[in-house]
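J.: This is the structure, below, for whatever I ask next.
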Amino acid sequence: MENTACLKPSKDVEFQDVYYTVKERKHYIKVTGTRQILRGVSGSFRNGQLSAIMGPSGAGKSSLLNALSGLRTSDVRGHIKIERKGSCYITQEDNHQTLLSVEELMALSCNLKIPYSKRKDELITEILENLHLNHRRDIYAEKLSGGERKRLSIALELVANPKIFFLDEPTSGLDEVTAAQCIRLLSKLAKEGRTIVCTIHQPSATIFNYFDNIFVLASGQCVYQGQPSAVIPFLRNVHIECPKYYSPSDYIIELCDADEGKLIPVLSELTDNGKYIYAPQQQLQQQQQLTQQIQLNGLGNNTAKQRSKDFQHSVRTFFVEEPKRSRLQHLLSAGGNFSSDGSLIGGVTAFYEHLKTFTKLLDTEQEDTSSLHQFCVLIRMMSVRIVRARIALLIQFLHHVLTGLCFGLIFLNLGNQGSRMFDHLKFCIGVIVIISYTQVMLPILSYPMEIKIVRKETFNRWYKLTPYYMALSFSRLPLQIILNMIMLTIIYWMSGLPPQLWRFGLFAGIGLMTSLIAEGMGLAIGMTFSITNGSAVGPLTIAPLMGLAIYGFDFAAQIPYAMNLLMKFSYIRVGVVALILSVFGFDRPELECTDMYCHFGDPRVLLKFLDIEHMSMWYLFSLLTVLMLFYRVLMYLSLRRRCGT
Ligand SMILES: Nc1ncnc2c1ncn2[C@@H]1O[C@H](COP(=O)(O)OP(=O)(O)OP(=O)(O)O)[C@@H](O)[C@H]1O
């Protein structure tokens, strides 16, 4: 894809001959061919206008929006001119950071995007008032209604005052009144000097008339581009008369939906796949100017097909005819009143009244915040969320205490008995396995939701991935240390291991290292897969590592070299060996022997039997550190891959 460099920052979005081709696969593996989702579409979305990409389901609306916004770059060809830095993308789902109120989310957005502004509170209040959300500022975002969530999504982006908004299906899931409110809000924002482009499946007649420009896609081709009021005259060009009392938007979409390959190519030809913009004949002067321009450039129907890379000349406007009713009249007849400046007031549009013009607060040029600043803001936010997730905290606390007690009871006072060698082994394996399993599964089940938010926020330049990654890693550390220490203390104390602080320190240190490695692995899986796939991939990945952890203890001296090498990759194995060494190594005195003869009464015999008597704890800690770094790097790469930077 070619993103044309803008010499002068432009707030328009222009594109020419955009193709999006995907590979078709059989059973997800074998490539059987390719499919063109977008077939060389062109068009332009102007600043100050609210534009809609419409079309039947599967027409390619979201694909076009993703290609234009830059969310999708692979498999996209063509020329797209957009100033990425000043744009933002609002997803259909409206996912926000959980356990934060509207005000806190706004503060987060402000702190990340405009750290040096002294008037953050003022700005937050102004935006919330304008978006009619001020009365909901203390409510958690997940408690908001669909319409309110959509407005919050817009409010969060407005903080940095982007000039280009892309919205994927902003009205989906909203009732008619709320959807109309949302579109009116977008229209107002557009009038304030923004370029707003959204996909919309099939707008109602009311909503349809709020758009300044519509771009109708069908089978990946543009079948109409221009003002909503010009659809009916445009269709007359091909002798199609929109029935009376039928919404033109419904009609053109239904025509395309029912088409069997005859009408779409004709309409696409008529618009030259988006190169012609249709508008009513409102101003004779404009028409004359255009005619002159066409004559000057010698652009007839044939020459218009010559693809020019110059966007200035690539998209042309046709004026079809005078609209029967102006948009203003239409709105008036719908029951609204207009103030002298043309904005709609009164009656059902009370909400609209609140939409004042944004002050200069929004217009300040913002600098990018430093990574350190982003890290500090993010870690504070993550810590607040961890503390507020009371039920999750309670469950995790109970889990660690109960697991500790269960283990303690199973191995009660066995830690010092020379006749229970196999129990000692099971104990060490059990401790490491339980830590690994818990820490792997938790992020696999919780992170896939989070990654969607991170993807949206990094795409909209709230923060960079590195500070986010660091904040994520460090914010979880205190809780992980506390919970693991509680569990390991209970286990160590109940199993009757020597009451030596340094030995307990080693024991707990190995447990914590294992926990950090497992968490890194869990996060890497959670960042890559959905919950469904991740919950299958997690156990599948951990199973071989567990297998390697219990392999060959009874013939340790005969384990083949290759197998020995492989076992070094299993952090569970390394953890188990380190734990055995911490419990039975370091000149531990003879264990108690209640039987006539205890072969493993002397801990050195056990270490020799397991072939680890010469193994150094430093070496094992180094191995664990390398494995921890490996999984943490993997986690970072998964994050980068998923968030597309
Ligand atoms: N990566 C992809 N691989 C295969 N097919 C794809 C891919 N992306 C999109 N498609 C297909 O392209 C077509 C257009 O998808 P897109 O999501 O852009 O449609 P849409 O017009 O937004 O539809 P809807 O209104 O139903 O959301 C669909 O048939 C979809 O299955």
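Each Cβ is built from the backbone N, Cα and C atoms, and glycine gets one as well.
Here's the feature list from TrEMBL:
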type	residues	note
DOMAIN	13-244	domain 'ABC transporter'
TRANSMEM	391-415	transmembrane segment
TRANSMEM	427-448	transmembrane segment
TRANSMEM	468-494	transmembrane segment
TRANSMEM	506-531	transmembrane segment
TRANSMEM	537-557	transmembrane segment
TRANSMEM	569-586	transmembrane segment
TRANSMEM	617-639	transmembrane segment
J.: Are there three or more C-beta pairs under 8 angstroms joining the transmembrane segment (506-531) and the transmembrane segment (391-415), sequence spacing 6 or more?
T.: no
J.: Considering pairs 6 or more residues apart, do the transmembrane segment (569-586) and the transmembrane segment (468-494) have at least three CB pairs under 8 Å?
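T.: Checked: the transmembrane segment (569-586) vs the transmembrane segment (468-494), no contact.
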J.: For the domain 'ABC transporter' (13-244), report the average pLDDT of the model, please.
T.: 89
J.: With Cβ distances under 8 Å as the criterion, find the stretch in 427-448, 468-494, 506-531, 537-557 that has the most pairs with the transmembrane segment (617-639).
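T.: Ranking 427-448, 468-494, 506-531, 537-557 by Cβ pairs under 8 Å to the transmembrane segment (617-639) puts 506-531 first.
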J.: Relative to the transmembrane segment (427-448), which of 468-494, 506-531, 537-557 accounts for the most Cβ pairs at distances under 8 Å?
T.: 506-531
J.: By a Cβ-Cβ criterion of under 8 Å, what residues six or more beyond either terminus of the transmembrane segment (468-494) are in contact with it?
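T.: Long-range Cβ neighbours of the transmembrane segment (468-494): 374-375, 378-379, 382-383, 386, 393, 396-397, 400-401, 403-405, 407-409, 411-413, 431, 435, 439, 454, 458, 504, 507-508, 511-512, 515-516, 519, 523, 632, 635-636, 639.
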